[in-house]
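Below you'll find the structure, written out as structure tokens, and then a few comments.
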Protein chains: 4
Amino acid sequence: MANSKYEYVKSFEQPDVLLPNTWIVVRIDGRGFHKLSDRYGFIKPNDRRALDLMNAAAVEVMKELPDLCIAYGVSDEYSFVFHPSCQLFERRSAKLVTTIVSTFTAHYIYQWGTYFPSAPLQPPYLPSFDGRAVLYPTTRILRDYMSWRQVDCHINNLYNTTFWTMVQQGGMSNTDAERELQGTVSSDKNEILFKRFGINYNNEDEMFRKGSVVYRQYQLEDPKPESKSKHGDDDEAPVDESKTSKSQQDKLRKLRRKAQVVVDHVDIIKDEFWERRPWILSGKPGKLPEA
Amino acid sequence: MANSKYEYVKSFEQPDVLLPNTWIVVRIDGRGFHKLSDRYGFIKPNDRRALDLMNAAAVEVMKELPDLCIAYGVSDEYSFVFHPSCQLFERRSAKLVTTIVSTFTAHYIYQWGTYFPSAPLQPPYLPSFDGRAVLYPTTRILRDYMSWRQVDCHINNLYNTTFWTMVQQGGMSNTDAERELQGTVSSDKNEILFKRFGINYNNEDEMFRKGSVVYRQYQLEDPKPESKSKHGDDDEAPVDESKTSKSQQDKLRKLRRKAQVVVDHVDIIKDEFWERRPWILSGKPGKLPEA
Amino acid sequence: MANSKYEYVKSFEQPDVLLPNTWIVVRIDGRGFHKLSDRYGFIKPNDRRALDLMNAAAVEVMKELPDLCIAYGVSDEYSFVFHPSCQLFERRSAKLVTTIVSTFTAHYIYQWGTYFPSAPLQPPYLPSFDGRAVLYPTTRILRDYMSWRQVDCHINNLYNTTFWTMVQQGGMSNTDAERELQGTVSSDKNEILFKRFGINYNNEDEMFRKGSVVYRQYQLEDPKPESKSKHGDDDEAPVDESKTSKSQQDKLRKLRRKAQVVVDHVDIIKDEFWERRPWILSGKPGKLPEA
Amino acid sequence: MANSKYEYVKSFEQPDVLLPNTWIVVRIDGRGFHKLSDRYGFIKPNDRRALDLMNAAAVEVMKELPDLCIAYGVSDEYSFVFHPSCQLFERRSAKLVTTIVSTFTAHYIYQWGTYFPSAPLQPPYLPSFDGRAVLYPTTRILRDYMSWRQVDCHINNLYNTTFWTMVQQGGMSNTDAERELQGTVSSDKNEILFKRFGINYNNEDEMFRKGSVVYRQYQLEDPKPESKSKHGDDDEAPVDESKTSKSQQDKLRKLRRKAQVVVDHVDIIKDEFWERRPWILSGKPGKLPEA
């Protein structure tokens with residue numbers, strides 16, 4: 001019994017290969033996490049357990065997919081970055097996105113009990129994530145994307161910290177706190193925190209203020225002050241790499257698997273982070289740290 | 001501190017809205033399930049626990065997304081079908097696909113222990129799934145897609161059943177069994193099973209032979225023999241439905257939530273299945289069964 | 001000297017194959033025809049020479065591409081319709097659209113002098129057209145698209161006829177005429193024309209009121225009143241046709257080339273037009289008229 | 001009479017906006033020019049009239065669309081390049097491609113008689129062109145694209161020159177010439193031309209050997225030997241330009257309109273061409289030549 005009669009339906013599948021030599025960012029977001037955080041009693045404004053769980057899942061995704069260069073997480077979202085030279089799954093968009101979303105979800109669910117021992121999952125209300133791929137043609141724009149997320153982290157966290165301090169410590173109603181914060185700028189919020197509650201925002205936890213950066217650790221390099229081309233050289237590397245053979249790519253993947261995946265809470269807007277870790281933007285593994 | 005400096009990166013997100021008034025099939029597949037089934041000791045050729053777990057996860061996806069009409073599962077794959085009138089997530093492809101993949105994964109991981117109590121998950125080797133959306137413009141083609149999957153189920157299961165019987169009961173090596181089966185047709189395999197092992201393939205479990213069909217249960221209707229238009233009327237319903245207001249869509253969703261989601265192992269190639277359950281192709285909820 | 005060093009740039013071409021088994025409408029529009037019609041002294045509200053030239057170019061496009069079923073033109077726009085079974089250029093969108101746009105432009109420019117002998121083209125101010133492809137999944141929706149264009153023709157032409165009559169025969173300023181027409185409905189405009197100027201709109205030229213329909217002429221068929229499926233049967237024909245072999249397609253093309261391409265000014269909203277010319281929606285050539 | 005009943009068909013138009021900040025190349029190709037060149041008696045291997053006509057049409061396209069940076073033509077194809085910062089038509093792919101194809105076709109048809117006074121067009125056999133857009137994410141890759149076309153020009157022209165010399169001057173049959181050339185490299189062909197026919201290929205017309213480069217002329221600049229970043233700076237300019245306001249873009253367009261559009265037959269593979277004309281890759285108009 002052949003299946004040829006119906007096989008024509010395969011012709012309806014349409015290709016979704018992403019443009020070569022561009023940065024691929026897969027951003028995933030928690031679905032309905034506002035409700036979910038209520039159901040499972042997440043602490044406001046930041047629940048360390050929830051963030052640690054996000055980071056643990058992100059680390060597993062990075063380990064599973066050595067083609068990933070870096071990831072950045074804040075709140076219930078995570079951005080995973082593939083290098084322009086990435087050829088994984090022939091750069092098929094749906095395959096890349098769903099693999100990341102599914103792997104992330106699997107580890108998030110599996111490790112839930114470790115981070116929330118006192119709040120077991122209540123089916124059918126399980127956490128889940130959606131995702132999408134976005135292309136960035138140059139390193140400068142990729143870095144602007146990363147900066148955008150970290151600035152967003154800062155803006156939201158300063159707001160939330162101030163709001164919840166006013167409510168939790170200041171005894172204000174949600175509505176009153178919201179109203180007072182309307183139209184304020186950063187310095188206003190810093191002042192409210194400091195003057196009314198003695199809180200120096202800069203002493204807040206770095207994970208809350210800066211988000212979480214996940215990458216492979218090699219030996220840090222000295223920044224090269226003479227370098228003009230701060231943001232990687234879009235003109236050279238990507239083209240060469242896209243021509244690397246399958247076997248070379250496999251070799252690179254093996255090298256990357258040997259590196260430790262670390263979680264950091266640091267500034268990724270300034271150049272320093274990138275200059276000391278040139279392997280992130282170059283896509284070429286660095287030197288493993290000496291034991 | 002405004003975020004406007006970097007916000008331009010949002011303009012790189014490209015729309016991925018699926019063509020209106022077409023059937024959307026989201027098919028998900030287990031990633032590396034060949035290896036995984038070895039690791040966790042899946043029984044060959046069919047592991048009832050693994051299929052039950054797939055079905056349990058699919059049922060939860062159907063409950064979570066009342067816009068889904070029907071789902072069909074075989075082995076480590078599942079196809080979920082949205083009606084042409086579906087407006088969920090404005091028909092954004094990545095959003096639809098990742099929501100299904102993530103929800104499915106979450107329930108699969110969460111319920112693993114129930115179905116495999118003696119084979120706990122071993123991180124980092126967690127099951128995961130990839131997925132993609134395919135559009136089918138008419139009901140006839142959608143039904144051909146469903147038939148394609150069920151014929152595939154039959155072909156693969158007959159092969160696998162024969163192969164593993166030859167190996168497990170006949171004591172043949174994998175290579176010898178493979179060689180003997182090369183070039184055989186269905187009747188050859190049926191004969192091997194019957195003559196050598198006394199197995200009547202038609203007595204094998206229907207879940208193995210037909211796969212699993214998941215849908216909302218309403219009162220079955222009598223097939224209308226006079227009906228010419230066997231496959232739903234593409235010309236009427238979809239257009240009307242695409243114009244339904246948000247409130248009407250919400251009402252339909254509520255009605256669908258009331259129906260029980262059932263798992264069936266039946267022929268979906270012939271007309272009868274569809275004629276007795278017209279709500280699947282029409283997208284209009286039927287009558288709830290009387291209590 | 002091989003060209004392999006640079007050939008990798010070919011990998012940046014992305015596929016743009018249109019979904020199989022859907023109607024393809026290529027609509028082209030004159031670029032900046034408002035200005036152009038002033039420059040070349042088009043008569044308001046309708047310039048018969050300009051419309052005849054549009055139709056002449058459309059006829060040549062229909063002759064050049066026998067895969068086209070029908071075309072509909074109004075003002076400086078033209079819609080060309082490919083059948084769901086069309087496999088021309090493997091259904092590549094850019095190839096289909098640019099071929100139509102270029103062929104249309106070529107004949108429009110070439111024949112300009114025939115229709116505007118007293119207003120020769122003045123380079124660099126040459127007429128040109130842009131275009132795009134849109135997919136319609138069912139025959140009902142394709143017909144709604146055609147109806148949409150013809151209703152638009154009616155609305156615009158009634159407005160323009162009334163407006164220009166008020167200006168040209170009534171001596172009103174453009175502004176005054178515009179102001180008076182604001183908020184009026186069809187019956188108001190009909191009344192203005194009739195009462196003030198003695199014009200019965202229904203006696204205006206059919207080309208102006210109904211636009212131009214271009215198709216291949218075969219023997220008209222009697223409408224079948226018993227037929228339920230008025231709009232073609234989406235479930236049968238397209239699927240079959242998409243499976244037709246190359247040689248069968250070539251044969252169909254040859255048959256279509258034999259038919260005369262005609263320009264008609266008739267109602268295409270009601271069923272009659274389509275029922276008497278079933279070959280348009282079925283994609284199957286009819287009987288050639290007897291000599 | 002409102003048109004609302006049918007207006008839903010507009011929702012089937014799908015967006016086709018091209019990724020921001022990438023080079024857009026629109027390549028057009030003559031349709032069936034092999035046959036056409038026979039019909040109108042094009043001289044082999046190169047017909048100067050036909051190439052001049054292609055160039056004349058390309059110059060008009062460049063004048064019409066000041067957003068274009070450069071164009072390169074060879075045989076019956078032409079590549080038009082938009083800068084990454086281009087916002088024309090909101091970067092809609094079909095609009096950009098069809099506008100170029102139609103404008104090119106219009107001028108090609110209109111000027112035919114000037115270049116082929118003795119071979120008037122014979123309808124319906126009019127020349128026409130198809131086209132497509134391809135994205136290139138970095139300046140390096142855009143330059144590789146341009147090099148690819150010019151190398152192709154060289155390879156084809158050397159072959160054709162040798163082939164037709166063997167046939168026309170050597171009296172060989174097409175088949176014999178083809179057979180002898182099979183497997184030869186450049187030096188073999190150069191030798192055949194020189195030894196047998198006394199032809200030094202390097203003395204052949206530059207238009208035939210190098211193709212045609214069309215761009216806006218400003219004052220040439222001295223190459224800056226110290227510059228590291230030879231290929232433009234992808235990281236800076238594009239991002240800034242994409243943020244330029246509408247009015248700034250209009251200003252740039254006006255400046256570009258003032259420049260003369262020139263046709264050149266020069267090497268565009270080496271850096272010199274680009275270094276002396278930095279406005280092409282920067283997208284910023286240079287200094288107009290002094291009168």
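Each Cβ is built from the backbone N, Cα and C atoms, and glycine gets one as well.
Note that the structure is predicted; figures quoted are calculated from it, not measured.
Within 10 Å of the C-beta atom of D:Asp29 (Mg(2+) 1 binding site) sit 18 other C-beta atoms, taking all shown protein chains into account. According to TrEMBL, the Mg(2+) 1 binding site annotation covers D:Asp29, D:Gly30, D:Asp76.
Cβ neighbours within 10 Å of D:Ser75 (GTP binding site), excluding its own Cβ and spanning all shown chains: 21. Under the DSSP three-state reduction, D:Ser75 (GTP binding site) is assigned to coil, being neither helix nor strand. As annotated by TrEMBL, GTP binding site applies to D:Asp29, D:Gly30, D:Arg31, D:Gly32, D:Phe33, D:His34, D:Ser75, D:Asp76.
For D:221-233 (among others), the entry in TrEMBL reads compositional bias 'Basic and acidic residues'.
The compositional bias 'Basic and acidic residues' feature in TrEMBL is assigned to D:240-252 (among others).
Here the domain 'Thg1 C-terminal' (D:141-270) has, by DSSP, the following mix of helix, strand and coil residues: 75 helix, 11 strand, 44 coil. Annotated domain 'Thg1 C-terminal' per TrEMBL: D:141-270, in sequence order.
The region 'Disordered' annotation in TrEMBL covers D:221-258.
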Shell list (GTP; ref centroid = CB of D:Asp29, D:Gly30, D:Arg31, D:Gly32, D:Phe33, D:His34, D:Ser75, D:Asp76; cutoff 8 A): D:Leu36, D:Ser37, D:Glu77, D:Phe129
Binding-site residues listed as D:Arg31, D:Gly32, least Cβ neighbours within 10 Å: D:Gly32
Taken over the domain 'Thg1 C-terminal' (D:141-270), the model's mean pLDDT: 88
Integer Å distance between the CA atoms belonging to D:Asp76 (Mg(2+) 1 binding site) and D:Phe33 (GTP binding site): 7
Between D:Ser75 (GTP binding site) and D:Gly30 (Mg(2+) 1 binding site), the C-alpha gap once rounded to whole angstrom: 9
Where D:Gly30 (Mg(2+) 1 binding site) sits in the secondary structure, as DSSP reduces it to three classes: strand
